[in-house]
Amino acid sequence: MVGMLFWLGVTMIGTDLDNATDNDYLEINSTSIFEPGNFGVLGAFYTILRITIALIYSVTCAMGILGNLLVLYLIRGFNRQSPSTINRFVFNLALTDFHFVLVLPFWAAEIVLDHIWPFGLAMCKLVLFVTVLNMYASVFFLTAMSVSRYCSMVQTLRPGRTPFRPCMVKCVILAIWLTAIAVTLPLTIYSQTVNIYGDELCIQKFPAGQYFLAFQHIQRILLTFIIPLTVITICYLLLIRFLHHHKLSGNNAKRQSKVTKSVILLIMSFLLCWLPNHVITCWGVLVKLELVHWSRAYYITHTYIHPFTICLAYTNSCLNPIIYCLMRREFREAMKKVFQRISSVSSLWTCQGTTLYPSQHEANQVGIPLNQMNSQLESNAPGQRCNTLPSTTSSLVQQN
């Protein structure tokens, strides 16, 4: 229970860590929130809550790794054939989401252990750095994708406009990463491990107490939600206005429409996944600045609802690749080819594992050309035993 008491007493009330004492926890326990005899029920429910969140993190991690690796593989192939600005941004978006889901097991372990951190100071700083860095980078790339969609549509209908040059796109990508690193470093510097009643916790210890923490929350809300949402909204309003005055035709119109829909879905998934978390975070900022009184409603929301809003926000990292792959036709076709290739390889290994009986003509051959082998494989009916595949090993033995 040390982790939960520390979380409630220090984080929720906004008590400075340097001045936190046992009286802070007694003040929590003496409030009307913890009614006599109900603390055991609260502890049992809190245990179930922690295990549930850890399971959600684990599922999100597994889906995020597979989905983002698939997107990285597909976009790498697309960029070799015909590199585009939007694909470069999607590649970096998948890269940030992939890095993000890699650290989810550490947070899952911390939650299962009741916020106890067993991995040491170095991993405390590293895991927090990767988490916050990729949170900022992800929303920055989503914003860049919206701007790129609008500019790409304008260039399509106005051929005289200068398209994005590769060097310009690379500069934008580099600027996004550098900005994300710059806003992440302060949190990494002030993150440390502290010993509370014999248990080690990974926290952020700011010099100015709750006001510096409130400033960090305000900065996060502005940079990862309000400003990007404003830019994205303006881009799509301008896009709608532009399309209202210009008409696309043929395959170009269909392609632009599908890509635009996929980007809109990415943005909407980000909005729905992160909005609840930002609302509760904003509420917490008002409480820390003493603009709103600490109440029972805030306690219930922050204790039981806020952890699930974090889970919802984290699931955005595995939704992005799924949405983008399902919306774009070229991605669906590329995925089919990948699965067909995997299926053919598994079938080939199955055939090689079967006892083969070469004919007299095949026994006199040292090797079989690859094109003949493929033709024989294709001639097999579905479900038929693969005994028509020549055995080059037995041919070599009989030849000698």
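The backbone N, Cα and C atoms fix where each Cβ goes, glycine too.
Just so you know, TrEMBL annotations are computer predictions that nobody has curated.
Annotated transmembrane segment per TrEMBL: 44-74 (among others), in sequence order.
Along the domain 'G-protein coupled receptors family 1 profile' (67-324), the predicted structure has mean pLDDT 83. Annotation comment: TrEMBL describes 67-324 as domain 'G-protein coupled receptors family 1 profile'.
Feature annotation from TrEMBL assigns transmembrane segment to 86-107 (among others).
With a cut-off of 8 Å between Cβ atoms, the residues of this chain six or more beyond the transmembrane segment (127-147) that come close are 86, 89-90, 92-93, 96-97, 99-100, 102-103, 106-107, 119, 172, 176-177, 179-181, 183-184, 187-188, 191, 202, 204, 223-225, 228, 231-232, 235-236, 263, 266-267, 270, 274, 316-317, 320. As annotated by TrEMBL, transmembrane segment applies to 127-147 (among others).
What TrEMBL lists as transmembrane segment is 167-189 (among others).
What TrEMBL lists as transmembrane segment is 221-243 (among others).
TrEMBL lists 263-286 (among others) with the feature transmembrane segment.
Feature annotation from TrEMBL assigns transmembrane segment to 306-327 (among others).
The region 'Disordered' annotation in TrEMBL covers 381-400.
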Please report, as numbers and ranges, the same-chain residues at least 6 past the borders of the transmembrane segment (263-286) whose CB is under 8 Å from any CB of it.
12, 86, 138-139, 142, 145-146, 149, 214, 217-218, 220-221, 224-225, 229, 232, 236, 292, 298, 301-302, 305-306, 309-310, 312-313, 315-316, 319-320, 323-324, 327
Which residues of the same chain, at least 6 past either end of the transmembrane segment (221-243), have a Cβ under 8 Å from a Cβ in it?
135-136, 139-140, 142-143, 146-147, 149-150, 153-154, 157, 183, 260, 264, 267, 271, 274-275, 278, 281-282, 285
Non-local residues, at least 6 beyond the ends, that sit with Cβ under 8 Å of the transmembrane segment (167-189):
85, 88-89, 92, 125, 128-129, 132-134, 136-137, 140-141, 144, 204, 216, 219, 223
